[in-house]
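Student: Here Swiss-Prot flags 143 as active site, proton donor/acceptor. What Swiss-Prot lists as active site, schiff-base intermediate with substrate is 171. Taken from Swiss-Prot, the feature pyruvate binding site covers 55, 213, and the record attributes it to sequence analysis. Per Swiss-Prot, site 'Part of a proton relay during catalysis' is recorded for 54, 117.
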């Protein structure tokens with residue numbers, strides 16, 4: 001593959017936020033708040049932005065909205081940091097269309113979640129990703145999150161996919177450091193291995209991971225950036241010192257299905273309106289105190 005593919009591999013590192021998609025109370029995308037969040041994340045040191053991933057409510061945006069939000073990200077970021085576009089689907093043809101739209105918009109990389117609900121076998125997973133890789137000329141990242149998709153991309157399948165030149169990375173959201181470490185051993189020479197689990201991401205960095213695609217960074221981007229910048233240079237004492245102040249958020253921001261708690265937190269911080277799409281609903285009142293206390297502990301309120 002071209003040097004552009006090698007270049008993006010060197011830039012897929014550090015603290016990478018899976019940004020929420022801000023919405024008005026009627027559920028429409030709030031582009032003004034989205035611009036503000038993008039600028040804030042970059043100012044706070046976030047290394048990469050993920051548009052319309054799981055945390056961005058990809059499952060409930062229409063295909064047109066999905067592509068529109070990705071295009072807006074790219075246009076507003078203007079090359080300041082890489083934009084990773086969530087373009088996965090459980091319909092291969094839809095995933096190809098979304099990925100092509102992201103490539104046309106100028107996204108730096110496509111994030112492709114494993115097909116959910118229809119539970120393909122490993123050969124189906126391989127053929128799904130192979131079809132997208134062959135159809136669209138853009139760096140692509142595998143996304144394994146079996147807790148949501150109910151399908152697990154096996155290591156052997158990842159090894160096969162690593163031979164396809166435009167698959168450049170994997171986001172491993174299994175939460176298993178041992179598994180991530182094994183991936184680094186077998187495909188680390190070909191793929192960038194990233195954590196997709198805030199709670200174990202720093203531990204994965206200690207064994208060769210390159211960064212973290214984070215929910216928590218929605219709320220504390222500077223702390224997460226400082227943590228993973230220190231980790232990248234091998235200074236884990238400094239990383240832990242910053243991380244210890246905010247690591248409770250990794251638990252509390254999942255007190256309900258993500259991104260419900262993160263959206264509540266950002267609303268409480270005055271950064272977004274009270275908008276979310278069904279079937280997700282606003283944070284239950286009995287959990288407000290948990291998030292409020294977590295924000296106070298992180299010096300955010």
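Every residue, even glycine, has its Cβ placed from backbone N, Cα and C.
Model, not experiment: these values are computed from the prediction.
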Student: When you put residue 171 (active site, schiff-base intermediate with substrate) at the centre and draw a 10 Å sphere around its Cα, which of the recorded positions 55, 143, 213 have their Cα inside it?
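Tutor: Neighbours among recorded positions, in sequence order: 143, 213.
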Student: Fewest other Cβ atoms within 10 Å: which of the recorded positions 117, 143 wins that one? Let me know.
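Tutor: Among the recorded positions 117, 143, the lowest count of other Cβ atoms within 10 Å belongs to 117.
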Student: So if I measure Cβ to Cβ from residue 213 (pyruvate binding site) and keep only same-chain residues at least 6 apart in sequence, which ones fall under 8 Å?
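Tutor: Counting only residues 6 or more apart in sequence, the Cβ neighbours of residue 213 (pyruvate binding site) under 8 Å are 16, 17, 18, 50, 53, 84, 111, 171, 173, 194, 195, 196.
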Student: Let's check the environment of residue 55 (pyruvate binding site): how many other CB atoms sit within 10 Å of its CB?
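Tutor: Counting Cβ neighbours of residue 55 (pyruvate binding site) within 10 Å gives 23.
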Student: Roughly how many Å separate the Cα of residue 55 (pyruvate binding site) from that of residue 143 (active site, proton donor/acceptor), to the nearest whole number?
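Tutor: So the alpha carbons of residue 55 (pyruvate binding site) and residue 143 (active site, proton donor/acceptor) sit roughly 13 Å from each other.
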Student: If you measure residue 117 (site 'Part of a proton relay during catalysis') to residue 143 (active site, proton donor/acceptor) at Cα, how many Å is it?
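Tutor: So the alpha carbons of residue 117 (site 'Part of a proton relay during catalysis') and residue 143 (active site, proton donor/acceptor) sit roughly 15 Å from each other.
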Student: Within 10 Å of its Cβ, which one of these recorded positions (54, 171) has the largest number of other Cβ atoms?
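Tutor: When each Cβ's neighbours within 10 Å are tallied, 171 tops the list.
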Student: Calculate the distance in Å between the alpha carbons (Cα) of residue 143 (active site, proton donor/acceptor) and residue 54 (site 'Part of a proton relay during catalysis'), and round it to a whole number.
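Tutor: One finds 10 Å between the Cα atoms of these residues.
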